[in-house]
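The transmembrane segment feature in TrEMBL is assigned to 26-50, 62-87, 99-120, 141-158, 201-226, 238-261, 273-293. As annotated by TrEMBL, domain 'G-protein coupled receptors family 1 profile' applies to 41-291.
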Amino acid sequence: LAMLNQTEVSEFLLLGLTNIQGKQHFFFISFLLLYLATLLGNSVIVFVVISEPRLHTPMYFFLGNLSCLDIFYSTVTVPKMLTLFLFGHQSISFGGCLAQLHFFHFLGSTEAVLLAGMAYDRYVAICNPLHYVLVMSPRTCMLLAVASWSTGFVHAMVHSVMTSQLSFCVHNQIQHFFCDLKPLLDLACSRTRLNMTLLNVVTTSIVLGPFTLIVPSYLYIISFLFYKVQCQEGRWKLFSTCASHLTVVALFYISVLFNYTPPSSGNSTQKDVQVTLMYSAVTPALNPLIYTLRNQEVKTALKKTLRRKL
């Protein structure tokens, strides 16, 4: 209530993808299928990782976390976007808008940090295999997972608390398919300099921090494979264990870096919307495919699980 008292605008109007007149039903069906693929694919991975004892290893523990994140992450934005395709402009309460903003940043930044943890796991597995069991103990894995989720939560909390302090007077139309930070700051009629600074400094750090750990990990892995592993087949076999993760990192970071790392002026462009669409709706649907198609262990475990069920 305290939050609502500080604003004259009690709800916002989401305009969605404003440049797709006449194609709403096509987009509705496309994104509904993508969303169902996300739910099904990631749920299958979580189920297989839990039920197959052979997959009770650090790599698959992190993969299970990633799949959970992808289910929640797409659920924050996609269902609302689907109603926008069907019914046009949709209102969202101030509280609902803040909740959407919070969970979007919470899950997105958790994923960024978790991907760094997964890169560290691959680095230890390939470059220091004799100490792998010792270094990546269940306790270490749990600490890395808790650190990822906690960092994401604190980061999102900063943005949602700071946004709740802003005043919104007249304009309530958000040029986006969900309540993201930049379009909300565009509408505020109080000073947003601190919010903008936090977006540029804190969010960029959360995105770039893990990225600066992932890149050296893979540079080290690649140099290790070239200089220490003589056999070509051995090199490829070792590299294939991290090829899926590298593909997921590329998909996630290309779009996120594009959206958040240039200093934000506060202007939300159509390009921002398209890029956000990529990593909030498309990437979570592709991740299970990348991991199952490129990973023999997951495919074997999946066949085994299906045979047991049938």
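Just so it is clear, glycine is given a Cβ too, placed from its N, Cα and C backbone atoms.
Just so you know, TrEMBL annotations are computer predictions that nobody has curated.
Predicted, not measured: the structure shown is a model, and the values here were computed from it.
Long-range contacts of the transmembrane segment (26-50) within the same chain: residues 17, 20, 56, 60-61, 63-64, 67-68, 70-71, 74, 78-79, 81-82, 85-86, 281-282, 284-285, 287-289, 291-292, 298, 301-302, 305, each at least 6 residues beyond the stretch ends and with a Cβ under 8 Å from a Cβ of the stretch. Under 8 Å from some Cβ of the transmembrane segment (62-87) lie the Cβ atoms of residues 14, 16-17, 24-25, 27-28, 31-32, 34-35, 38-39, 41-43, 45-46, 49-50, 100, 103-104, 107-108, 110-111, 114-115, 117-118, 121, 141, 144-145, 148, 177-178, 248, 280-281, 283-285, 287-288, 291, all in the same chain and six or more residues away from its ends. Remote same-chain partners of the transmembrane segment (238-261), defined as residues 6 or more beyond its termini with a Cβ less than 8 Å from a stretch Cβ, comprise 59, 66, 108, 111-112, 115, 118-119, 122, 125-126, 199, 203-204, 207-208, 211, 214, 218, 221-222, 225, 229, 272, 275-276, 278-279, 283, 286-287, 290-291, 294-295. For the transmembrane segment (273-293), the residues of the chain that approach it from at least six positions outside its boundaries are 17, 31, 34-35, 37-38, 41-42, 44-45, 63, 66-67, 70-71, 73-74, 76-78, 81, 104, 108, 175-178, 180, 244, 247-248, 251-252, 255-256, 258-259, 299, 302, judged by C-beta separation under 8 angstroms.
Summarising model confidence by region, the domain 'G-protein coupled receptors family 1 profile' (41-291) averages a pLDDT of 86.
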